[in-house]
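Copied from TrEMBL, the annotated features are:
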COMPBIAS  271-294  compositional bias 'Polar residues'
DOMAIN    18-121  domain 'Ig-like'
DOMAIN    126-215  domain 'Ig-like'
REGION    259-294  region 'Disordered'
TRANSMEM  223-246  transmembrane segment
Amino acid sequence: TRSLTITSADQSMFEKAQGEKVTLPCTFELSEEDEGPLDIEWVLIPADNQKKEQIIIMYSVDRVYNQFYAATTRRMHFSSLDPKSGDGSLDILNLKAADTGTYQCKVKKAPGVQSQKIQLTVLVKPARTKCSIEGSQEIGKDVTLKCVSQEGSPLLSYDWRRISGAQHLPATSVLNKNTGELLLKNASLEYSGRYSCVASNRVGTDECSVELNVTPPVNTAGIIVGAIIATLLGLSILSSIIFCFCKKHREKKYEKEVHHDIREDVPPPKSRSSTARSYIGSNRSSLGSMSPSNMEAYTKTPYSQVPSEDFERAPAQNPAFAPPKVAAPNLSRMGAVPVMIPAQSKDGSIV
């Protein structure tokens, strides 16, 4: 008995790059005995057998249902506007790495039922490929050129080529296509130039380049000698600065000590005029303290001696007249201060 048949069984595996579009085929033929309603379902079978199948889109009773799987909403739809015509193929737009999996197409029209599985692999193209140089770029040294892609589905393959000067790689070079390393042994000046690396997988390629500049060995002895001389010169300059600073500091300290030095063991010189003034002042004060009882005894004391020091007098305007010198009593013997006692005249007035 003839029944429903799926005719698109030629290709069961697809490999596409991320961001591209893929059409998963599912064409069929109906028989006269299939009289039930037509249902077409696309199911995503997870890699983990413990998880359930997920319906992603369905056609039933002349209507399309595509709200089952949120991750594919608006990115998956039937290729034909009328799937009941015999074309239930599925279009997936803007492919993502998460779209990788096994898809199953189920066509049901009672009593016939048929299904077909298709394996889809979404690959990521190599991207953000970076080239670098490892090792000293000196003559006679080994230099390694490295190439790494930050993105890209395995298996990635790397290939180096020279794009300046001689187009072929140096004879001593060793290439590892899996790691992207190019080893240049015993480098020479002829190795200098620009090198390019191409990273590739089944869905795309990416490229980067680097400039290699092989130079003569550096004169390390000259660098060491120059560094020693510069160090000694710097130390000598620093020592000179410290010496000058200390010397200036000592000079300032000495000037400060001399400026504030006071000799306390030498008394200031005495002034004769001040001595005389102090003597007269003391006499006057003593006079004020005399009482009538001791004034009589004081008047009887002769002025036979004068103080040990004479006080200076200013020269008189008339040089011919000079006041007589009056002998003063010896104060040390009397124990009293001499004073001048006023006399009383006959009429009772004091002179």
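Using the three backbone atoms N, Cα and C, a Cβ is placed for every residue, glycine included.
Residue counts for the domain 'Ig-like' (18-121) under DSSP (helix as H, G, I; strand as E, B; rest coil) come to 9 helix, 50 strand, 45 coil. On the 0 to 100 pLDDT scale, the model's mean across the domain 'Ig-like' (126-215) is 94.
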